[in-house]
Amino acid sequence: MHSLFLKILIYSLMQCVLGQAEFWDYDENVTQIEEDFKIDDVTRILKRVGNYNRNAYPLLDQDLATHVDIQMYIEGMSSFHAQSMDFQVDIYFQEKWVDHRLQHNNTKRILVKDPKLFGLLWHPDLYFANARTASFHDVTQPNFLVWIYPNGTVWYDCRISLTVLCMQDLARYPLDSQNCGLRILSYAYDEEQLIIRWNGGNPVEVNRGIRMPDMHLKHIKFYTKRDKYATGIWSSAVAEFHVDREITHHIIQSYIPTSLIVIISWFSFWLDVEAVPGRVSLSITTLLTLATQSSAARMALPQASDVKAIDVWMGTCMAFVFSAMIEFTVVNYCVRRKVRTKIKPRGLSEQVHDMVAQYREKKDKFNNGNCEISYEMALQPNEDNATVQRNFEKKEVREMNQASLFVRRSLLPTSKRKTIEDRINRVEENRKNAQKIDRYSRALFPLAFIIFNIFYWIYYLKYAGSNSPELLL
């Protein structure tokens, strides 16, 4: 009984294994039959034609040009690089043409996925004239397909990644707009043999999810043209991309920091004219910081002789900072030049008048004018600056009632005292003039910078922006 059960179990297992094997063999056979059917359809067509020449375009026997209709779907697009003058684009590229030699009686279109089989058919040798590099996608299978319709229409679809050359006009950078084109033409067939046309009313479609960090795709223009070469005239199709540069990044990274640096340089106008270390260090620091900022802005640009909008901005900001340094130099020179002729401390004229008044009071108290005040020790015109300053700071000069100040009887002549006071007044007058220059600078520098901003932004955003750059292919 047990042996019978064991035999039945073994027999059942063998049937399952054999049945599964037959199933997989059947599935492989079906797949192979389907592939053979597709290949047989194409080879049968080629055999029926007999002398099919894959190197001859379809209408060669009629001496007519073959029309190739093209269209594309832009899957992705990267930034437009100003330094390398190119951009990357990922597209699905479709071509359609009619080859009457491939007409067949099938009710449905024939799908061709084998690159070798597609190589047996004639197809246009289109290429992208201004592409630096181009590559097909092969993951997980070669990304292409071919449909052959009963009337001989051939539809070819593939996915291509391109690095496209774009000669940009950077005169308005970074407030610029660019026109970059993608030019398509045949390599071997001229206009008498092959004519390229855009297919349908909207042959260039764009993935709406495309986002570029520094550019905005405004619109796409497409047209056909005739290119003249020494060997003849070639038909070509052009897709022209109009892009605007995003300015937000440049405002945050360049325009706002440099504007703040210029404003900081104006702080020196509120410092005292004799605060030399503070004003010099402030001017030099702002100038060096602005130079560093300008160098960083130029690193993303090619070395070109054209004057760009960012160059105008950086140069003007540097001129404002340098002008602030010159203003301080002029003011400080005026003050110091007068000090060298007769250095007097601030309020020195008032001190002289006080000394004269005190002297007259003391003089009335002395009988017969035994001792009289002499200014000459403290106000000698030929003494150096440091000595004059120290003499006026001495206690003996400030306290006129001490006997040590009365060194001789003779009074200082009125004419000499007048000369000293005139010199002191001129020092004070020049100091006030220097302060007046600072006050004017506090208003004129910001006003000039505001006027520059108005003209700068109006010109580059409105006037210069109305002239779109010409497409260079």
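Sequential numbering from 1, following the chain as shown.
Each residue, glycine too, has its Cβ placed from N, Cα and C.
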> Membrane-wise, does Swiss-Prot list F136 and S305 on the same side?
Replying inline: yes
> Which one is it, C158, C180, that Swiss-Prot ties to C166 with a disulfide?
Replying inline: C180
>> Whole-number answer please: how many Å between the C-alpha atoms of N105 (N-linked glycosylation site) and N151 (N-linked glycosylation site)?
In response: 9
>> Given a Cβ distance threshold of under 8 angstroms, which distant residues of the chain, six or more beyond its ends, lie next to the topological domain 'Extracellular' (298-308)?
In response: 82-83, 85, 170-173
> What is the interatomic distance between the Cα atoms of C166 (disulfide bond) and N151 (N-linked glycosylation site), given in whole Å?
Replying inline: 40
>> Below 8 Å Cβ to Cβ and six or more residues apart, same chain only. Which residues does that give for N151 (N-linked glycosylation site)?
In response: V98, Q103
> By DSSP, what is the split of the topological domain 'Extracellular' (298-308) into helix, strand and coil residues?
Replying inline: 1 helix, 0 strand, 10 coil
